[in-house]
Amino acid sequence: MAPRVAPGGSQQFLGKQGLKAKNPVSTPNSHFRSASNPRKRREPPTIDTGYPDRSDTNSPTDHALHDENETNINVVVRVRGRTDQEVRDNSSLAVSTSGAMGAELAIQSDPSSMLVTKTYAFDKVFGPEADQLMLFENSVAPMLEQVLNGYNCTIFAYGQTGTGKTYTMSGDLSDSDGILSEGAGLIPRALYQLFSSLDNSNQEYAVKCSYYELYNEEIRDLLVSEELRKPARVFEDTSRRGNVVITGIEESYIKNAGDGLRLLREGSHRRQVAATKCNDLSSRSHSIFTITLHRKVSSGMTDETNSLTINNNSDDLLRASKLHMVDLAGSENIGRSGAENKRARETGMINQSLLTLGRVINALVEKAHHIPYRESKLTRLLQDSLGGKTKTSMIVTVSSTNTNLEETISTLEYAARAKSIRNKPQNNQLVFRKVLIKDLVLDIERLKNDLNATRKKNGVYLAESTYKELMDRVQNKDLLCQEQARKLEVLDLNVKSSREQLQYVSKSNQEHKKEVEALQLQLVNSSTELESVKSENEKLKNELVLEIEKRKKYETNEAKITTVATDLSQYYRESKEYIASLYEKLDRTERNNKENENNFWNLKFNLLTMLRSFHGSFTDETNGYFTLLNDFNASMEELLNTHSNQLLISMTKITEHFQSLDEALQSARSSCAVPNSSLDLIVSELKDSKNSLLDALEHSLQDISMSSQKLGNGISSELIELQKDMKESYRQLVQELRSLYNLQHTHEESQKELMYGVRNDIDALVKTCTTSLNDADIILSDYISDQKSKFESKQQDLIANIGKIVSNFLQEQNESLYTKADILHSHLNDTNSNIRKANEIMNNRSEEFLRNAASQAEIVGANKERIQKTVENGSQLLDSKSKAIHSNSRSMYDHCLALAESQKQGVNLEVQTLDRLLQKVKEHSEDNTKEKHQQLLDLLESLVGNNDNLIDSIKTPHTELQKITDHVLKGTTSLANHTNELLGLGDESLCNLETTIEDTSLVKLETTGDTPSKRELPATPSWTRDSSLIKETTNLNLDSDKKFVRETYTSSNQTNEPDVYDKPSNSSRTSLLRSSRSAYSKMKR
């Protein structure tokens, strides 16, 4: 903040120990003024105090590039302890600090709140334990050093109402013999520290103070009584943008800190305070206490602003600096503070100004283009302190209790944002002593006059209302004079601009006069030329009648030429359309060929994939078949071994029984006369032997039967399943090959039909184009030859009558006509040749494509037949072999069963015979012992013989089973060999087919470079019949003759040739005829 305050008038003198001041003498109840020198406030001389050159619309982005001299606002937080009322209410603490002085504070909400613990960091944080002295030494003392060095500094207190802002800034204002009390605030301590430093420096100085408040957006001086107070106004300093000047504020010089403390006490008593629910002594206004210091500069010092060194002859140089101590009114909630009526209005104005201050802080932090300084007088006064050239310190006071948590967080958030504001402090410029002395002398003289007039009572006494009215009139007249002066300046500028316009108009008039004289001379020359043109017109008038008759004939010829040219243009357009359709057909054919080629390669890839897949599946099936045969051979060998072992066991048991029988017979031979009991014993032993033999044979035959049945059933089911799988694989292969062949055949047929169609369309198109071009060429040649003779005969007459101008005109038209005819004929010839070339190339390509397609179809057909035969042969061979294996297995099984049954029956017969014999022996043993003994011996011999036969019969099935097994093994070996042959044939066929497919490819056309590329044909020449020079013979008058002569003269002087593709003139038609004639003669040759 940097307001320049106009002095209110006081006497000062400059001494060695400083500038001393006498208090002005004033009468509180009357206003006595000298008539010769009435007292009035005088604007001080402009003193450069280093305030920034800023406007309200300046953006902080001008300082985006941070200079090394830029500094952030110093933010200090002071936490107030709990009051007696809060202690009685048992309010909990929400703010915690790290001792008396730190750098952080934490916000801890109660458990019922949604807030969480949050930590804020600032330059310094003072807890409730910190006293006024600690706060002063760590926050204000460094700023005083900067003030002594020539910088402007601002310290302002910001916070909620009732948090101790006024106590921090002012505190206890009492003193005893120059000693401050313990509760003295920052302002009293700053005054004492300042004068202590000045007295110790032994330099001349002058200190003055001002104290005013901002109450309801109105500035009020606190150093004068309410009766003497005049309305203060804030103006922009025109000499320095960004500074403000406050008029109507009293500035008092002080010689020591006691004087300043006395002024502070008087102003504090006049300040607006009131009691609210939140604070018993709540400040209702913002107060600003300003200390202005003028200090003599010592020799040898360097002026940073003017970049010069102070020498010993610098007694007349002073440096000015200011310290602003701002006590802001606290923000408050109307509902909590209980403000009503007047207090509610005060609260609204306070909150509005603080809200504007917050918006200014946000705009500065966000580097906005517009800073709203003008929205409040508070922000206008603090303009230089926020983002300007002043060093600023912000003391934030907050409450530590949980009841004010919301306001505390809001205050800390604003303080945290304010830390980001950057100021660029600058040392104030030096001023000369005489500027300050002059101001002081005038004030002394004015005060002397006022004092003498008061003592002598030589003046005018006025009532207070009259005096105020008089002063208001004087001020209004001063303002009116200023306005009139501004209007005079504007009028002077208008007069100056009017003079300049008058000079410009006079110069323009002179130039216009010269132009008029030149035009008059040109008019005389034009009149002379007009007379000569009239005489020439009379000469041409007689020749015009003859020319019109000849032009009628020329018009007739032109109409015929136009008809022929129109026909040629129509033929040319049709040819272009035919050629465009031909190119389009070629493009479609090319696209179809590319698509067919892609289809062919896809078909080839799919066919190879399926063949390789079939080859893999066929190999897997064959390997499974071989595995099955090996398992079958192993099963047969195992069966043979099992049956052989069982027969050997049976033979061993039978041999053992018969050995026991032989032993019994031997015992029978030794004692023929055995008793019946012995015979019964023999009979019982024979029965036991018989029964055990029958049981062994029965178990053996059952095992053989069951094993043979299981083996036969397994082999049959596996063979049947293998046969089904092989048949299914062959069937799928045949279907896939047949579908691929059909797809290939369909593709080839469609390609043939497409190529035949393309060829037929191209032939028809070429024939049509050729016929049209030949007809057009014949018609054009006949017409050109016919018109040439007529045109040449008439040209001589026309040239003889109309002269050189008409001869040149006709010659240009003739050349243009022949030129266009040559161009048209060349286009027709090029088109015809391109059509022929394209037809030949397309015929060659289509024939070659058809040949390739036919050969490809033959190769695929042959491959199809060979593969089909191979597959059918393999399938038939597989069926036959499977049937043979099945029949052999079945016959072997049946033969095994038959042998087992026959053996069983033979044993049963032998056993039955033995039973009958034994029964007979038992019946007749008693009667015919001797006779039966011999018969018994015979029977035993026959039994031994039967035993041998039985052993032989048992050996015989074993031999037969061995033979059957050998036969089955031979059959399976033969089947494996045939299967290997079939696999070799299948592999060979599949490899041949795969090789054939891989070797088969599309034959691409060779590029010869003779095919004409597609190009854009020129646009069809168009023209209209030019009849501008053909005049009607009827209603002929002089005006039309003059117009015709002018047009003829203009057309004869034109040198620009017409564009070939623009609307042709008569000369273009002549050139077209010439070109057509030469083309026709070439065709005849």
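Each residue, glycine too, has its Cβ placed from N, Cα and C.
In Swiss-Prot, the feature coiled coil is placed on 715-740, out of the ranges 221-246, 325-350, 715-740.
Record note: among 366-424, 838-896, 897-955, 897-955 is the stretch given as coiled coil by Swiss-Prot. Counting every protein chain shown, 26 other Cβ atoms lie within 10 Å of the Cβ of Lys165 (ATP binding site). The Cβ of Gly159 (ATP binding site) has 26 neighbouring Cβ atoms from other residues within 10 Å, across all protein chains displayed. The average per-residue pLDDT of the prediction over the coiled coil (436-604) is 81, rounded to a whole number.
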